[in-house]
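Swiss-Prot annotations:
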DISULFID  Cys40-Cys63  disulfide bond
DISULFID  Cys49-Cys68  disulfide bond
DISULFID  Cys53-Cys70  disulfide bond
DOMAIN    25-80  domain 'LCN-type CS-alpha/beta'
SIGNAL    1-22  signal peptide
Amino acid sequence: MMKLVLLSVIVILFSLIGSIHGANVPGNYPLDSSGNKYPCTVLGDNQSCIDVCKKHGVKYGYCYGFKCWCEYLKDKNVSL
């Protein structure tokens with residue numbers, strides 16, 4: 001029983017460390033030529049969002065809240 005509790009605590013700590021590490025990555029939602037955010041349907045890693053982000057000048061993006069999010073996208077590069 002004690003081993004199970006210890007294992008659970010370790011798993012929770014590693015989960016928290018992972019979420020804290022990823023939370024500090026700046027970015028932005030890119031906008032199309034009409035000023036709309038790009039929609040996406042597959043949350044997380046998403047090739048269409050990566051392609052959109054590359055058009056906006058950054059290397060990586062993903063689907064978050066059913067909209068494409070680009071890591072390190074600066075305000076000046078949000079619109080095409």
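We count from 1, first residue shown onward.
From the backbone N, Cα and C atoms, a Cβ is placed for every residue, glycine too.
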*For Cys63 (disulfide bond), which of the disulfide-bonded residues Cys49, Cys53, Cys70 has the nearest Cα in space?*
Cys49
*DSSP says what for the domain 'LCN-type CS-alpha/beta' (25-80): how many helix, strand, coil residues?*
12 helix, 17 strand, 27 coil
*Roughly how many angstrom lie between the C-alpha atoms of Cys40 (disulfide bond) and Cys53 (disulfide bond)?*
13
*Measuring Cα to Cα, how many angstrom lie between Cys49 (disulfide bond) and Cys70 (disulfide bond)?*
8
*What is the interatomic distance between the Cα atoms of Cys68 (disulfide bond) and Cys53 (disulfide bond), given in whole Å?*
8
